[in-house]
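S.K.: Okay, here's the structure, questions in a sec.
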Amino acid sequence: HSECLTGDALGSLKCDCGEQLEFALQNISLLGGMIIYLRQEGRNIGLFNKVNAYALQDQGFDTIEANHQLGFKSDERSYEVVETILEHFKIDKIRLLTNNPKKMSCLKNIMIIERWPIIIPSNNHNVDYLKTKKEMMGHLL
């Protein structure tokens with residue numbers, strides 16, 4: 001899970017991050033597993049820039065356009081450290097709870113036995129954000 005202070009801690013309705021984290025924690029409490037929490041706030045543009053991106057979204061830019069307006073790629077995150085962490089714990093196969101195909105493709109030496117989708121209903125504040133993630137970033141929503 002990539003850090004999202006506004007969603008994870010403050011309950012922002014602009015994204016589904018806090019609900020995704022809660023969904024993952026509930027499933028892990030029932031079935032076992034672990035969360036790897038990555039310090040990549042705002043798709044790795046940082047909290048200050050994320051707040052500026054939110055302001056641009058309020059002006060009508062979508063989440064990708066807002067990042068581009070600030071001089072960033074649509075997604076600045078990387079996931080290579082996940083493989084290192086899993087290897088440290090001698091984990092070579094996983095069931096991955098994600099909607100993000102980029103997370104699956106970065107795990108070169110880890111066998112993904114199964115991908116479990118994270119099903120979170122949209123709300124009036126994040127419906128366009130989720131649509132952009134699906135249509136422009138390839139998220140499996």
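Cβ from N, Cα, C; glycine included.
Pulled from Swiss-Prot, these are the listed features:
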type: ACT_SITE; residues: ASP75; note: active site, proton acceptor
type: ACT_SITE; residues: ARG77; note: active site, nucleophile
type: BINDING; residues: HIS1, SER2, GLU3, GLN20, GLU41, GLY42, ARG43, THR63, THR98, LYS103; note: GTP binding site
type: BINDING; residues: CYS4, CYS15, CYS17; note: Zn(2+) binding site
S.K.: To test your reading of the Zn(2+) site: which residues beyond CYS4, CYS15, CYS17, same chain only, put their Cβ within 8 Å of the Cβ centroid of those residues?
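M.R.: Near the Zn(2+) site, the remaining chain residues are SER2, THR6, GLY7, ASP8, SER12, LYS14, ASP16, GLY18, GLN20.
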S.K.: Report the largest Cα to Cα distance, in Å and rounded to a whole number, among the residues HIS1, SER2, GLU3, GLN20, GLU41, GLY42, ARG43, THR63, THR98, LYS103 that the record lists as binding GTP.
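M.R.: In whole numbers, the farthest two Cα atoms are 19 Å apart.
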S.K.: Cα-Cα separation of CYS17 (Zn(2+) binding site) and HIS1 (GTP binding site), in Å?
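M.R.: Rounded to the nearest whole number, the Cα-Cα distance is 8 Å.
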S.K.: For GLU3 (GTP binding site), which residues of its chain lie six or more apart in sequence with Cβ-Cβ distance below 8 Å?
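M.R.: Non-local contacts for GLU3 (GTP binding site): TYR37, LEU38, ARG39, GLN40, GLU41.
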S.K.: Rank aside, I only need the closest one: which of the recorded positions CYS15, ASP75, ARG77 has its C-alpha nearest to that of HIS1 (GTP binding site)?
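M.R.: Out of the listed candidates, the nearest Cα belongs to ARG77.
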S.K.: List, in sequence order, those binding-site residues among CYS4, CYS15, ARG43, THR98 whose Cα sits within 10 Å of the Cα of ASP75 (active site, proton acceptor).
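M.R.: Near ASP75 (active site, proton acceptor), where near means Cα within 10 Å, the binding-site residues are ARG43.
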S.K.: Want to know which binding-site residues, from CYS4, CYS15, THR98, are within 10 Å of ARG77 (active site, nucleophile) at Cα; which are they?
M.R.: none
S.K.: Whole-number answer please: how many Å between the C-alpha atoms of CYS4 (Zn(2+) binding site) and THR98 (GTP binding site)?
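M.R.: Pair distance, Cα basis, whole Å: 15 Å.
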S.K.: With every protein chain in view, what's the tally of Cβ atoms within 10 Å of the Cβ of THR98 (GTP binding site), excluding that atom itself?
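M.R.: Around the Cβ of THR98 (GTP binding site), 19 other Cβ atoms lie within 10 Å.
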S.K.: Can you tell me the three-state DSSP label for CYS17 (Zn(2+) binding site)?
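M.R.: Where CYS17 (Zn(2+) binding site) sits, the three-state DSSP reduction gives helix.
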S.K.: Three states by DSSP: which one describes GLU3 (GTP binding site)?
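M.R.: In three-state terms, GLU3 (GTP binding site) counts as coil.
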S.K.: Going by DSSP, give the three-state secondary structure for ARG43 (GTP binding site).
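M.R.: In three-state terms, ARG43 (GTP binding site) counts as helix.
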